[in-house]
Amino acid sequence: MSHKSPKDFFRPLAVGAPAPLREIPARPSRAIHFFDPSNEKMAAKVPGMIGTVDVLLGNLEDAIKADNKVAAREGLVKIAQSTDFGPTQLWTRINALDSPWVLDDLTTLVPAIGDKLDVIMVPKVQGAEDIHYVDRLLAQLEAKAGIQRPILIHAILETARGVANVEEICGASPRMQGLSLGPADLAADRKMKTTRVGGGHPGYLVRQDPPKDADGNSQIDAQRSVFQQDLWHYTIAKMVDACATHGIYPYYGPFGDIADVVACEDQFRNAFLLGCVGTWSLHPKQIAIANRVFSPSVEDIAHARRVVAAMGDGTGAVMIDGKMEDDASLKQCLVLVELAEKLAEIDPELKKQYDAIEVQA
Ligand SMILES: CCC(=O)SCCNC(=O)CCNC(=O)[C@H](O)C(C)(C)COP(=O)(O)OP(=O)(O)OC[C@H]1O[C@@H](n2cnc3c(N)ncnc32)[C@H](O)[C@@H]1OP(=O)(O)O
Ligand SMILES: O=CC(=O)O
Ligand SMILES: [Mg+2]
């Protein structure tokens with residue numbers, strides 16, 4: 001929870017800093033696409049990605065070699081200053097708060113490109129104190145640079161302590177925009193015995209009960225189905241609840257098996273169904289997967305609109321295709337319908353698909 005009194009929660013933390021937002025806008029952010037601004041090949045691809053991805057994120061932290069930290073920071077400044085991002089948001093991931101680079105990241109980026117940066121992703125957040133530190137520093141830098149709207153903060157949940165403190169992290173500042181899961185660092189910090197970046201694990205499974213023979217003895221050596229389980233279910237569910245409580249947005253994170261587009265889509269879909277609004281994309285081919293998964297399907301929108309139409313003033317119970325619908329299922333349908341409306345505003349192809357739906361009686 002905030003250490004500030006309620007009356008001070010929305011007060012700027014520096015004289016001249018922009019007023020904090022009262023509500024975090026629900027801007028589409030199905031894919032947060034990571035690029036290394038010090039990698040010329042990747043950077044060259046960025047302008048062509050505008051309009052095809054909801055968020056472009058210039059990464060300065062892990063995956064950027066120590067020798068390239070300054071080049072990545074400077075590369076991001078150059079790209080941001082020379083590019084019109086149109087409908088695409090520009091985010092960055094700064095270095096960890098205990099690193100030798102983060103202070104220069106913030107004191108360079110805010111004056112140079114603070115007017116273009118929508119969100120700053122902060123890695124390895126442990127508790128509200130980390131958000132308070134960045135919050136005050138951003139306010140000071142915004143005031144000094146004359147930035148007109150507050151830069152928002154997104155925290156990566158990737159330490160055991162961060163997960164334990166997820167509620168206070170979400171409520172630490174009106175700048176808090178959302179949370180991403182960081183399964184790679186979180187696995188290491190928890191001492192999980194895995195070596196992967198996100199996704200499931202064949203050893204984490206539930207096995208079907210053994211069949212019994214005629215005498216009722218269990219045949220434990222018989223062939224049995226196994227069902228791989230989701231290692232991240234608990235953390236994502238916890239994150240979703242904390243974000244919903246505080247009116248901010250939850251995201252899945254990295255899926256490192258770039259070649260396995262099928263399992264990637266499954267992991268993204270689990271997160272979407274549990275309440276996440278988007279995910280990370282590490283490679284250009286993950287953008288289309290994220291855009292597809294985090295946009296409600298035409299079938300879901302057709303059904304949702306049918307329920308909305310049948311429910312009239314929104315109270316009571318009706319039967320549709322043999323299933324009961326009432327005030328609560330209507331609310332679920334409205335989540336999908338409202339998301340579709342937001343996405344249709346920025347995605348002409350989706351708009352065409354949603355507009356073509358005929359509402360069945
Ligand atoms: C695990 C915890 C975390 O912190 S995850 C977040 C940090 N990691 C990252 O940001 C990784 C970002 N991605 C990458 O570095 C690369 O995609 C990796 C995974 C190394 C694969 O690169 P590479 O072997 O070049 O792939 P490729 O040959 O299939 O690339 C084809 C062309 O696409 C480009 N490309 C690749 N990744 C990106 C990207 N993220 N954004 C923009 N462009 C990208 C490549 O440069 C390559 O370009 P070209 O066709 O040769 O001109
Ligand atoms: O930063 C992401 C992670 O999985 O670690
Ligand atoms: Mg990490």
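Every residue, even glycine, has its Cβ placed from backbone N, Cα and C.
The substrate binding site annotation in TrEMBL covers R93, E158. Its own atom aside, the Cβ of E158 (substrate binding site) has 27 Cβ atoms within 10 angstroms in the protein chains shown.
Listed in sequence order, D62, P123, K124, I156, E158, T159 are the same-chain residues at least 6 apart in sequence whose CB falls under 8 Å from the CB of D185 (Mg(2+) binding site). Secondary structure at D185 (Mg(2+) binding site), taken from DSSP and collapsed to helix, strand or coil, is helix. Summarising the annotation, TrEMBL assigns Mg(2+) binding site to E158, D185.
Residues or ranges marked as domain 'HpcH/HpaI aldolase/citrate lyase' by TrEMBL: 32-196.
Residues within less than 8 Å, Cβ to Cβ, of R93 (substrate binding site) and separated from it by at least 6 positions along the same chain comprise F34, L57, G58, N59, L60, E61, I120, M121, V122, P123, I156.
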